[in-house]
Each structure stands twice: as structure tokens, then as C-alpha cells.
Amino acid sequence: MVQDQVFLYLISNALFCSTGDKWRSRRKMITPTFHFTILADFLEVMNKQANILVDNLEKHVDKEPFDCFLDIALCALDIICETAMGKNVGAQNNRDSEYVRAIYKMSDLIHHRQKSPWLWSNLMYPMFQEGREQTRNLKILHSFTDNVIAEKAREVENDTQQKDDFDDNCEQSVPKRRRAFLDMLLSTTDDEGNKLSYMDIREEVDTFMFEGHDTTAAAMNWAIYLLGCHPEAQNKVHRELDEVFGNCDRPVTMDDLKKLRYLECVVKEALRLFPSVPFFARTTSEDCHIRGFKIPKATEVIVIPYVLHREPEIFPDPEEFRPERFFPENSKGRHPYAYVPFSAGPRNCIGQRFAQMEEKAVLAIILRRFWVETSQEREGLGLVGELILRPNKGIWIQL
């Protein structure tokens, strides 16, 4: 697929694109970086950036409808930058920075190339203006990532040196620094004790950046839109938030997230109706038969969650927004592959727990501050299925 070819320019042979033994080894190395206790450390960043978001949205209260898509996307970008690299790029308050512009320009170039067969040739692409723009923007992104990796490597080395300088009986201790995804990549090793190279680390950081911010941003936007369309569901969310937080304006904790069960169902139902990734590919590892058709081994298969999630035998009245579908009693017996917003099986999304945690935390902070309304009809959204499923005409809401 051309989508994969384009991504290779950005993330080369990272976990997202690698196969075989390299994928298995890399997946095994990276999986521990998404451990529950590590994700809990990231919640501080999510709270901070979500509060910047709601402060920025305050100016829209009781005003005309506005498109919230970019505001939420920039919040997601700030979260992913700080959790992945330990770097606060301040995208929400400086959306015109060189790095932020390069991120969104690369997304535009990928989307455009995906739809333009004359740009698919890797040999010819650099001769077009788009190809030259890609080279320029990749240089900005890779230079930024390289500098952050070098800076982080020095920090890790200094931390190690400081620990070595204190003996076991010393009352002093090295101040604990919040770890980023990058910190863990710098220290992780394979079964033979080999560390990732700088190039390997850059591939994974860039993958996390691109795969982890616009997908989550889209999911949060769709949830906000659907709650704006369905005040009865939004009322239930507000009641749940009141039960958990009362009138206290404190940060969201991991215990809070566990209690926000209805909000979790809202997130899941939003992803059922509008899965962030509209399609993904798999290669069959053996012959199989589906409804009387033989699918030979080594066949490229395209899975389209947008269609799969609308199977009426599994999800009655599939176009209706019903978060209650995901109550435990209503999910019992449902085929595990009937709902795959994060893919499924061994190559499922490694960051899905991170994404779900971010979505619940940010939505909780937005909805504790605002009541959301929209008059935008679903038919007028102008759905675009590119790298992510997004509304061509934005998400227009009132607060």
C-alpha cells in the first residue's frame, strides 16, 4: 500500500512497519514501556495539557459555534510530545512554531500523496514540489528528534553518574525525574542485552508521535460531537463526573479513571461509529474460508472497522449512538474481533491503553468545565477516510 511506502520515509523500519523477527524482537522490547505504572506517570502531563485546552476554550463560552477539531488536536500533540520525548513544545499556545507546522505539513503531504497515483513512485516523487517539501519538513522533524534524543541521553548518563556518586548510606538522594517514553527506549535491551541504536530510537519516537496524536485527537473530537448530539448521554456523563469529583477542581487520578465507567462506554461507542483508523491491512498466515470463499495463504486483506462495526447482528440499530452497548452485561458473548478500533491479535495497537487513558482524562476535564451542544448534522460532516477518519468540514460546537 502507498500509505506504508509514504510512512517508511518518516519512520523507516519502526515497530509499525517492521515484520518477522525484527518486529517480534522490537515488540518484546517496547511492550514494557507501556506498563500500567509507567502510564500512571503520564497522567500528570495529560492533566496539565487538558487544563491549557479548557482555558483556551473558555473564550468560546456562550458565543457562536466554532470548529474545535484543531484545538483538541494541538492538545493531543502537546501530550504526545511531552510523554514521548519529555519535551513541552507548547503547540496549544504556539501553533505556528516550526516543529508544529512541519508535523501538520507532513500529514497534508501524506494525505495528498495517498490520493495521487502520479506521486506514488519513490523514484519520481523527489522531482515534484511535494517531494522537495517532504524532504525539507522531514529534516526539521528528524533534527528536532535527534537533538531531543542526544539531550535525553546526556540526562540519563548524568542521572546514572549521580547515583554512582552517592554511597548506600548517604542520606541524600537523586531527585526523581518523570520518565518519558524516550527515557525507557534509551535503557531497554533485547534478550542478548543489546540496546536500540539512535536510529532505532528515532524511528520509534517518530512512530509514537505520528500514530499517537492525530488518532487520539480524532477519537476525542468524535466523542465530543456525539455527546453534543445526544444531551441525554451527556447528562449521564455529567452525573457520573459529579459523583466522582463533586465540586472539587482537582486533577484526574488513575482511581478516578477506573470509576468513570459510563464515560469509558461513550469513548468505546464513539470509536465504534467513527474508528480513528478507517482501514488496516493484514497478510493471511494460512489458507482460510470465509462465507464459502477461500482466502489463500499470503493474501493481503484489508479490514475496514467502519463497516465491521456496523454489523446489525452484533450491533442492533448500528447507526444509533448507544454507549450502553458496552456495559459488561451487554458485551457478554460478543466476538472479540467484532470491535477492533485498535486492531486485534499480536499486531494490535501497542499504545491502546495510553490512548484510552488520555481520551478519558481529557474528556473528563472538558466536560467538568463545559456543556457541549452542536447542530451539525451527521450527514454534513463530510467524512474523509485517509490515515485517520476525520470530518472534512470540522467539528462545530457551542459551549
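Numbering starts at 1 and runs along the chain as it is shown here.
Including glycine, each Cβ sits where the backbone N, Cα and C put it.
The heme binding site annotation in TrEMBL covers C349. Here the Cβ of C349 (heme binding site) has 20 other Cβ atoms within 10 Å, regardless of which shown protein chain they belong to.
In the three-state DSSP scheme, C349 (heme binding site) falls into the coil class.
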